[in-house]
Amino acid sequence: MPRGVAHLKDELDIVIPTIRNLDFLEMWRPFFQPYHLIIVQDGDPTKTIKVPEGFDYELYNRNDINRILGPKASCISFKDSACRCFGYMVSKKKYIFTIDDDCFVAKDPSGKPINALEQHIKNLLCPSTPFFFNTLYDPFADGADFVRGYPFSLREGVPTAVSHGLWLNIPDYDAPTQLVKPMERNTRFVDAVLTIPKGTLFPMCGMNLAFDRDLIGPAMYFGLMGDGQPIGRYDDMWAGWCIKVICDHLGLGVKTGLPYIFHSKASNPFVNLRKEYKGIFWQEEIIPFFQSVSLPKDCTTVQKCYVELSKMVKEKLTKVDPYFDKLADAMVTWIDAWDELNPTGASAANGEAK
């Protein structure tokens, strides 16, 4: 088992976006209490959010975001869970775990509560294998290994930048799928973690997600969503497409699978359809764009990659909709704000290719 799996308490922040009291933390107390929480309050900043006693936390509302970032606060979404990425920016820890406030502790098939955070840490501390698929999934998991025929030259793997967890109960479906399958629940517990191969994109869900902030943090921007924007519910998707092409370029890994959380509440499919409507059309052009992205060799840091990607977005996607011109500018503002709050990260080679 990797070093310090159950700990890292001084190296990891838990980021939670919310508009309500955080009673859900009570059930997570056995797993979360040793860690520092960063709570990003969305919506009305005059509302008081109650946090159960005994947790170590800092809370930021819209007034705080405006005060800290000034004019650059325009890159942080309002009235959308995309605001969570502000927490990534102000954190000073190496690792981030982010979870939604309607995500409860799941149980494995034996009935044992799942410590999602512990599994994410395991995933991040073990290498990824993006260049060659292992048919026994994660070769570093207990009871698994590299199968016959797996090249020895690739068995060392690469650093893992992102751990993407899944959900029991309410699946993460888009609005059209929600509408035709309103009663569908995910009861399948698949005991597997796998590396997403190089060159393969995936739909990243932000409600049960961990990442190495030092390796990929500046690319974890959840875009411009919500209030005043023509699209919502694509914040984590956008970040997922961006981080994947950058991880592929820098030789970093992305894992998906375990851990599971219990997603307790289905959002309104009609509200979701209004938010997603444009994205459902746009993604048919956005995804081919990301599939064709080729970053220059001199992009050796996450920041350089991300700024280069923003130029490509402006050049190629603005024809889809003027929104992407605004989004490309916000991507650059995000990097400027990140470097302002993380000056050592600006000069260090974040995620430098080996």
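Residue positions begin at 1 at the first shown residue.
Glycine is treated like the rest: Cβ placed from N, Cα and C.
Features reported for this protein in TrEMBL:
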type     : residues : note
CARBOHYD : ARG148   : N-linked glycosylation site
SITE     : ARG148   : site 'Required for activity'
SITE     : ARG155   : site 'Required for activity'
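When the alpha carbons of ARG148 (N-linked glycosylation site) and ARG155 (site 'Required for activity') are compared, the span between them is 12 angstrom. Here the recorded positions are ARG148, ARG155, and the one with the most other Cβ atoms within 10 Å of its Cβ is ARG155.
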